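Data first, discussion second: the structure below is written as structure tokens.
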């Protein structure tokens, strides 16, 4: 009688303990340290000149910020758990962002994230409906309240050491540097997206803690000190990327995102070696949406960065990871805003073999 009564109780208890253990041992395989903003987007057929007022076609609010976008992009692949380390204000924008993180499966420590008496970051965006090009003004708000000590404490407090730490520059310089340094100490792959791009020399202290740096063409020129209108095309981009890799102290690779041309991967033959290998990659040929119309390009670079981190954390090689990350970026531009697919919308060509075989 005792056994039959206790049996179901033990099963229930063991089930509860098992689920509790799983909750506390969830791996934070990708940690994104960066900004979380509310995007306020106006779409217009005519971009205004200085002092001019034009009429827009539509308006939308959405969740954004480079850090937030990259975390959601990484989570969209369904490969690894993702943790977002950021700061937001105690306002309606933060509520929207927290709800979005929950929906996308991104873990956020809400108690540490929400700050009193300051606004959440805001991005005011104007999109040209004819080309999909955009202009953005960012008001940092709470993003600039995250200190280096906050970042170090959050990364070291994760239940398991992250496999990758991703950083951008919409937060304070010292916070971004702390993320790379702490990530290195924890043995993570450290990924720096130098956006918004600072002047040449500002990132000199960053490079020795950076495994992979991912600028676009404009950002590459700026951080290398090349004037905006300098000519040279792809030859110039390749030269600058090689120079950045060999001279700066970046440990593994420079990946330059090239829009419709995909990405250029400039990697050391061996970590710390002088020899480099250059390869150009693009979206998989069998990506279903590759010929669909472009809605806008907002968040495409963020999609690439987040996806690359997720693929590398899952054991995918650098070139293959970059090509597949181009695929997620391509999917993102078929939708308005910084919008990424859900895991069940990911086509087989963007799934790693182990995930396809499951």
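Cβ coordinates are placed from backbone N, Cα and C, and glycine is handled just like the others.
TrEMBL lists 37, 38, 39, 65, 66, 67, 68, 69, 302 as substrate-binding residues, and of the candidates 170, 174, 199 the one it assigns to that same site is 170. Straight-line distance linking the Cα atoms of residue 339 (K(+) binding site) and residue 258 (ATP binding site), rounded to a whole number, equals 20 Å. Between the alpha carbons (Cα) of residue 262 (ATP binding site) and residue 332 (K(+) binding site) lies a span of roughly 14 Å. Nearest in space to residue 260 (ATP binding site), taking C-alpha to C-alpha distance over the binding-site residues 37, 66, 170, 298, is 298. If you measure from the Cα atom of residue 68 (substrate binding site) to that of residue 258 (ATP binding site), you get 22 Å. Rounded to a whole number, the C-alpha distance linking residue 258 (ATP binding site) with residue 170 (substrate binding site) is 21 angstrom. Mean pLDDT for the domain 'Carbohydrate kinase PfkB' (28-344) in this predicted model: 91.
In the set 37, 39, 170, 335, none of the binding-site residues has a C-alpha within 10 Å of the C-alpha of residue 302 (ATP binding site).
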